[in-house]
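See structure below.
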């Protein structure tokens, strides 16, 4: 037994095996959650429209996700004439891989992260910023004006709302004094940041809707204008990778909102019935509740026009988040609450 322990923890191969198992422990449940998020979304939208939704494949339609996956696997990947084949295939892979590796620093419990690094918040911000490249490459490589227009919209939209997201993160970091996501959650042991910083939480979540190209900010793939945007020429598994990446990014925005504002794995109150529930269960429940809000918004809020989207990002969210950041810094300084940076 000690020999196995020495092999796993004292050799490079053993550490590689442990890291791979940790990654699988995150990715396999994430893929299942993404698959069933599509079914749950269709159920929610059906309920909003007074319909039943998927109810044929399996009991209550619960196997619909596997039917959709089988359909995608059996379809043919068609590459348009004039498209750059290498970049055309690279774009969905890049989008999917970036959506997956972002989860490396997300702690679902105290210390439960594949990579518990001290710059976790900065890492997530960097990965979310890189996501736009997959969309731009897809739009350019498809050799389609609809795809290219969608890619241009995506670039402008993501850059616009990343600024507000950055200011929100800086405000949180002023309160915590650390870029480590584990420290951010533990700093909310007594009061979740959503209470003193409610406007910033709202800005962060709405900016997350725009960052993931979800309704009401889905002008990147506006069906009534540019068909499916940057994905218009994609089919089969290449399209499925974009789809999986989009839903994984939605889960990431919900996870970031949970970690930054809703106390991560911490219960609402540190009392006996609530702290019996394991931390990962609280984390998953909060993420699923925020995912429901994503679906609810899609079923109830109409799509913004492009000019309305830009105006909201640059003329409302940006100045408000900057003012709130300065206000937070002033309050922390005057009250003597600025944390000591290690």
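Positions of Cβ are set from backbone N, Cα and C atoms, glycine also.
Among the ranges 15-35, 36-56, the one that Swiss-Prot lists as transmembrane segment is 15-35. Within its own chain, the transmembrane segment (86-106) is flanked in space by residues 23, 26-27, 30, 79-80, 113-117, 120, 123-124, 127-128, 130-131, 133-135, 137-138, 140-142, 181, 230, 233-234, 238-239, 241-242, 244-246, 248-249, 252, 255, 259, which lie at least six positions past its ends and keep a Cβ under 8 Å from the stretch. If you look at the transmembrane segment (190-210) against the transmembrane segment (119-139), you find fewer than three C-beta pairs under 8 angstroms, all six or more positions apart, and that falls short of contact. Sequence-distant residue pairs (6 or more apart) of the transmembrane segment (159-179) and the transmembrane segment (277-297) include fewer than 3 whose Cβ atoms are under 8 Å, leaving the two stretches without contact.
Within its own chain, the transmembrane segment (251-271) is flanked in space by residues 30, 33-34, 37, 99, 102-103, 106-110, 124, 128, 168-169, 172, 181, 184-185, 188-189, 192-194, 197, 200-201, 204-205, 208-209, 211-212, 277, 279-280, 282-283, 286-288, 290-291, 294, which lie at least six positions past its ends and keep a Cβ under 8 Å from the stretch.
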